[in-house]
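Undergrad: I grabbed these lines from Swiss-Prot:
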type	residues	note
SIGNAL	1-18	signal peptide
DISULFID	Cys23-Cys69	disulfide bond
CARBOHYD	Asn27	N-linked glycosylation site
DISULFID	Cys35-Cys83	disulfide bond
DISULFID	Cys46-Cys95	disulfide bond
DISULFID	Cys50-Cys97	disulfide bond
DISULFID	Cys100-Cys107	disulfide bond
Amino acid sequence: MQLVVMAAVLAVAGVGQGCRFGCHLTNISFPVDSCGITEFIYTTICAGHCYHEDPVYIGHDDWAEQKICNGDWTYEVKHLQGCPVAVTYPVARNCECTACNAGNTYCGHFHGYIPSCL
């Protein structure tokens with residue numbers, strides 16, 4: 001029986017080879033418009049889920065620390081051909097689950113759609 005369960009787990013893991021749920025770097029592209037020219041920028045972002053377990057409620061000031069997928073960011077500049085105005089865009093260098101900083105990040109519940117594979 002254990003062999004059947006292990007085979008099933010390995011088969012499912014193989015099916016979702018491209019799926020990653022943990023915090024990781026992901027390549028994306030998005031369009032930018034400058035000088036009437038539209039061009040796609042290719043960059044990396046942090047994506048994925050961080051483990052969180054709600055503890056037993058004790059009081060108003062005893063909330064669990066929320067972890068989010070974030071990392072070190074830099075900014076790069078791209079010049080679109082035929083346009084003197086440069087485009088600055090963020091690039092994630094690494095990602096990890098860190099404490100949510102409400103000063104620069106929304107730490108509430110995400111009400112949008114979360115795809116099964118990012």
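Including glycine, each Cβ sits where the backbone N, Cα and C put it.
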Undergrad: State the three-class DSSP label for Cys23 (disulfide bond), counting H, G and I as helix, E and B as strand, and everything else as coil.
TA: coil
Undergrad: For Cys46 (disulfide bond), which residues of its chain lie six or more apart in sequence with Cβ-Cβ distance below 8 Å?
TA: Cys23, His24, Leu25, Thr26, Cys69, Asn70, Gly71, Ala92, Cys95
Undergrad: Taking each of the disulfide-bonded residues Cys35, Cys95, Cys107 in turn and counting other Cβ atoms within 10 Å of its Cβ, which one has the fewest?
TA: Cys35
Undergrad: Quick one: of the recorded positions Asn27, Cys50, Cys100, Cys107, which has its CA closest to the CA of Cys83 (disulfide bond)?
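TA: Given the candidates Asn27, Cys50, Cys100, Cys107, the nearest one is Asn27.
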Undergrad: Looking at the recorded positions Asn27, Cys35, Cys50, which ones sit with their CA no more than 10 Å from the CA of Cys100 (disulfide bond)?
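TA: Near Cys100 (disulfide bond) by Cα: none of them.
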Undergrad: For the C-alpha pair, I'd like the distance in angstrom between Cys107 (disulfide bond) and Cys50 (disulfide bond), rounded off.
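TA: Their Cα atoms are separated by 13 Å.
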Undergrad: List every residue in the same chain as Cys97 (disulfide bond), at least 6 positions away in sequence, whose Cβ is under 8 Å from its Cβ.
TA: Cys23, Cys50, Tyr51, Lys67, Ile68, Cys69
Undergrad: In angstrom units, rounded to an integer, how far apart are the Cα atoms of Cys35 (disulfide bond) and the residue listed as 'N-linked glycosylation site'?
TA: 26
Undergrad: Which of the listed disulfide-bonded residues (Cys23, Cys69, Cys83, Cys100) has the least company, meaning the fewest other Cβ atoms within 10 Å of its Cβ?
TA: Cys83
Undergrad: Quick one, of the recorded positions Asn27, Cys50, which Cβ has the fewest other Cβ within 10 Å?
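TA: Comparing Cβ neighbours within 10 Å for the recorded positions Asn27, Cys50, Asn27 has the fewest.
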